[in-house]
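Working notes, beginning with the structure itself.
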């Protein structure tokens, strides 16, 4: 029921009660009460002896006011009866009865049972042979004091009612401001919607007491494991204990009618005390408003501006804010569209220059990487023909790996992304603008990770609960889900356990000298300790369901190497045949583009058709083979191509068109035809012969050459997945994928991170880079590449 309807009913009730209180007795009439009397048969004569009972009772009610009580009268009831032995009057004072509210609504003192018995329930004591009911009229009394008291009481009730109404008005305004509404309506991406959308908010925490103190970093892993038990039960409790928002905060500016269309979600609004104020535009009412809030960093006030993703109608305001706040860095943690819904308007041109209100934006450079894209913009105020006003360089870091649902699979990409943002933002610049769609969930997650990493370095402890509580006082619902909350802890643990392992190419020599030294107190050197950390990563066998199905077990060459569900390569099901969508292969994300590699086992004789169906379905034009068909007398891979002529594998026919021997590998050009579709494609196979049956290659030259040849082929054939296989699809396959990724990063940015590259691969497929020698080989090849960089300048 509507709260206003309830208030009206409540008010009506108060008025009704007040009316009853002030009209209980007419001032001009006495009070009449029916008293039942009884006499003996001989009592007709009034002057008989005391054996006759004359029960004429005189009962008067007179209000008596105590000087100490201003509002409540004390009633003294006097009962006159000739039945008394001495004929005197008996007075019933307040001491013999309890002060209550009488049935007619007036205050009074009720007599006890031995003082007064209602004639409606029991007759008077005595002979009941002749009972009569006689009306008795009390004399009129002056009721003016009663009326005055009741008027005063009514006034107090009315004042109380007004106070409640005013409180409810304030509560409703606060609720409209988005403090703790639980309703939601997801964005549908239509810019013409009349009403802004809303998103789900969490209920207010019933308690703000501090149950979650800061954690020392050496207790971090233990605590995270404890809280993640029982499906993150303790983490959910901690998250639900967070305060939603400060009760005193208001959102008056955001709630104005003129500003409603500027909000993407109706219940995610900036507080008045922390919102970003734009310079008002002359003649445009409320032009100082934008849905953005200042947010503190770890020890830096207003380090960030948390903003909603711009709408089409607020793009100009967004760039006005960037200019006025002297922002140099924009962090975008959403894609323009997710689940076919518009999450953010594209507020930059794809190329060239475009004016947005009074700010002109031109694109200077774009770098696309696997987890994020970096765009550099040059901005200048419009109308500056003389170029007197300086141009400014703005860098946008667009994190593209956040999934539509949940959080990233691993925090590694986010940590690398955050490091880039920290390194790029200049000292002189204003606040870093961070936005997702609503500007609270992913935005809050980014801000908290940044602050807690700073706290970790400064104090050797983290205070996630406390920091989230504080920034929620600046913008509601920062860190919006328990999954985001857990992801923050995972990112902090990742950084604590493994640190920053990224290197500048110029420091590789120093690093290699360091990792070959023995670690004091152990028999291992640094390299062995690094690899030991990699092998300690748990293999998640419970996430390999399809590969372990009985129908698919025989399709696996090595039972310890099964693809994970989340990234396994799926092929079309054969008509009328179940479990024919499985092949032992995994999509792998390298440096620049998602799913750039397919890491596959070497086909078995009975899975060769599935292998070619995979090649056709995913349009792979490059195959890298890192094993011989047979090694040490054991079959390592079925021959899946013809030595000459053509061979059919189901609907796929393969014809050898050309074979060329290079220094350490063979190139075969194959014409692959799908007879069902009547289409053909050219596919090139690179068969590497430089890997010995035991150990690793003696040098990295052959591997560098084949990687360069494959990259060149990719440029010509298009960016479709490169299929890489050895025998089991893990050891040599992982080494090739790791080296391709690291060398590409070296060439593009002059940095490398062998440890995290291999760690990421192992999270995508078990046992990638399988042995210590293969891990060491990665470092050696990178070192060779850097030493002879000029010789491989054409590596693209």
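Glycine residues also receive a Cβ, built from the backbone N, Cα and C atoms like all the rest.
Looking up 51, 291 in Swiss-Prot shows the N-linked glycosylation site annotation sitting on 51. Checking the candidates 68, 678 against Swiss-Prot, the annotation N-linked glycosylation site falls on 68. Checking the ranges 74-97, 98-121, 122-145, 146-169 against Swiss-Prot, the transmembrane segment annotation falls on 146-169.
Note on residue 480 (substrate binding site): other Cβ atoms within 10 Å of its Cβ, all shown chains, come to 23. According to DSSP, residue 441 (substrate binding site) is assigned to a helical segment. Neighbour density around each Cβ, counted as other Cβ atoms within 10 Å, peaks among the binding-site residues 439, 441 at 439. Our reading of the substrate binding annotation (404, 436, 437, 438, 439, 440, 441, 442, 480) yields a largest Cα to Cα distance of 16 angstrom.
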